[in-house]
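The structure appears below as structure tokens.
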Amino acid sequence: MFKSGFVTIIGRPNVGKSTLLNHIMGEKLSIVSSKPQTTRNNIQTILTGEEYQIVFVDTPGMHNPRHKLGEYMVKVAKESMNEVDVALFVTTPDVEVKRGDLHILEQLKSAKVPVFLVVNKIDETTEERLAATLKNYSEAFEFQEIIPISAQKGKNVDKLIELMVKHLNEGPKYYPDDMIIDKQERFIIAEIIREKALRFLSQEVPHGIAVEILQMKEENEKYKIEATIMCEKDSHKGIIIGKGGEMLKKISQSARKSAEKFLDKRVNMKIWVKVKKDWRDSPFVLGELGYKAPKK
């Protein structure tokens, strides 16, 4: 019997949702950064086995939105919970149930799907703290499955996959065997550039940046990519470019290497920086960048 279904991965920012997905898929498919709300779009990645196909919906973290982009991210996260077969609630072994977790669990109560408690980063805690965490979270919500893991080390990840398959129903193969993501290459390249910018800029520039791919074409076994990093302030533009252009050069070089690894071809990459004030509150700009503005 072939089983298939959709699984959403949800939790507070920085609990390791993207790291978990990356380990399962063996590819850097979801942007990984230490900054909250670094996943913006609803990305579907596909894991196909001999007797199953799991379509993962990697959603933005739940938070209180402060602009239209934030509203979009929260809307995507909430909608995904009503369209899946299993929800993985990922948290960390902090003993006490966090306020942010209580907010998400309250949302999950109305989802009417099996919810797994996935306690990540068990390699960074003690057995006593882990046991206390499992006890407190079990009392706060009725989970179908409880599994402690280390997404970074891969501990218990195979067991987690087995449990997901167990809860899926008989169903069709939604995607071809060799398909692992439902986004186009341009989207992935834009995410790679944005991830590098977030990583190198540290706390100097917040989340007010986006990446637009102006051109991406393949010629003679080589890709030519031109992109713009969009920011909200002139001061941010200066920081992104850096003294003598050093910061932008660092971002470009690192992004180019990752792009070459992803595309498996040589890449010629040029990146510019453009100021677009308050772009996160502009429905038009959000639409141009692929973010649909939430309906009122």
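Using N, Cα and C of the backbone, Cβ positions are placed for all residues, glycine too.
Range annotated as region 'G4' by Swiss-Prot, chosen from 120-123, 256-259, 276-279, 292-295: 120-123. It is 37-41, from the ranges 37-41, 152-156, 217-221, 232-236, that Swiss-Prot records as region 'G2'.
For the region 'G4' (120-123), the residues of the chain that approach it from at least six positions outside its boundaries are 15-16, 19-20, 90-93, 130, 148-153, 155, judged by C-beta separation under 8 angstroms. Across the region 'G1' (11-18), mean pLDDT in this model comes to 85.
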